[in-house]
Amino acid sequence: MNPYILATLLFGLGLGTTITFASSHWLLAWMGLEMNTLAIIPLMAQHHHPRAVEATTKYFLTQATAAAMLLFASTTNAWLTGQWEIQQMTHPLPTMMITIALALKIGLAPVHSWLPEVLQGLDLTTGLILSTWQKLAPFALLIQIQPTNSTILIALGVTSTLVGGWGGLNQTQLRKILAYSSIAHLGWMILILQFSPSLTLLALLTYLIMTFSTFLVFKLNKATNINALATSWAKTPALTALTPLLLLSLGGLPPLTGFMPKWLILQELTKQGLAPTATLAALTALLSLYFYLRLSYAMTLTLSPNNLSGVTPWRLPSSQLTLPLAVSTTAALCLLPLTPAAMALLTL
C-alpha cells in the first residue's frame, strides 16, 4: 500500500477515536465511530484475497448495523427527553438500545458471531488493530453512559465469558482463538462496568498490552495455525520460552499481569453481593485457560514432525521491529507487583 494512503488511513483511525473520546453530543460520537469504520476498511481489504474481501464485507455490514442502531437510539432519546448529551441518558429504552449497539460494535456475545469470522480473514497486523484500537471508542461511550439496566450488562458479561471460553476450545486457527479470547476478556470488563468503571479501564489496559504482545509473537513467527507454532523454537528460542508465560498471563494465572484485573473484578463482584456471578466467571476462565495451555503445549513441548508446506519459515530473516514486542511482553508478564499502585489510582 502507498505510504501516503496508509498514513492518511491511520490518521483517520486516530482522529475517529479521538473525536468519539472528546464528544459530549451523540451525533459527534456517531461520526467518530463512522470515521473509525471507514478508515479500517481499506486496510482490511488491501490484500485483495477473497477471504479478506469477505471479512471486510462482514465487518462493514455489522458496523453499519450497529451505527444505524446507535443513531436511531440517540434520536429516540432526544425525542423522549429533549437531550443530545451522552451523559444525560435517563430513559431506559434508548439506553438499552445503545448498550446493545455498542455490544455489537465490539463483539460481545450473543452478538459476537462476526468477530471470529472477520479476524480469520485478516492479516495479523490489521487483526491487531481490530482487536485493540477499535475497542477503545465504543468502550469510552459505554463508560460515559453508565447503563442503568444492570441485568442486561451482567447477562452480556456472563454470556461473553462463557462463549469466549467455549468457542475457542475446538479451534486450530490462531486468529479465531484470539477472537474468542477477546470476547471472553470483554465479558469480564462488561461485568464490572456498572460497579467500578475504573476497574473496567484497568482490565481494558491489561487486555490491550497482552493482546498486542501475543499478536506480535505470532507475527514474528509468521504463524496462523497451531501447527505452525511448533517450528518457532528454531527461529526464536528465547521468545518460545517466554510465550507460554504470555499465554498464561492472558489466561489470568498468578504471578503474571493478567491475574490482576481478574482478581480485582472477582473481589468487587463479591463485595456487591454477586458471589454466584463471580463463581461462574471464574469457572469460565478455566475454559479459556485450557486453550491457552493447548497453545503453550504446541509451541514449547512439541517438535514439528515434518516440514511445513511452502517455504521453510525459519530460514527467512524477519524484518519486524523487536522493541515493541520486548516492551509489551515485559509489561504482560511483570506488572502484578504494581497492583497496590493500581488500586490506589482506582480509588482516587
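Count begins at 1; order follows the chain as displayed.
Note that Cβ sites are derived from N, Cα and C of the backbone, with glycine treated the same way.
TrEMBL assigns the feature transmembrane segment to residues 93-115, out of the candidate ranges 24-46, 93-115.
By the count of Cβ pairs under 8 Å, the stretch nearest in packing to the transmembrane segment (151-170) among 93-115, 201-220, 232-253, 273-293, 323-346 is 273-293.
Counting Cβ pairs under 8 Å that are 6 or more residues apart, the transmembrane segment (232-253) and the transmembrane segment (93-115) reach fewer than 3 and are not in contact. Confidence over the domain 'NADH dehydrogenase subunit 2 C-terminal' (289-341), given as mean pLDDT on the 0 to 100 scale, stands at 79.
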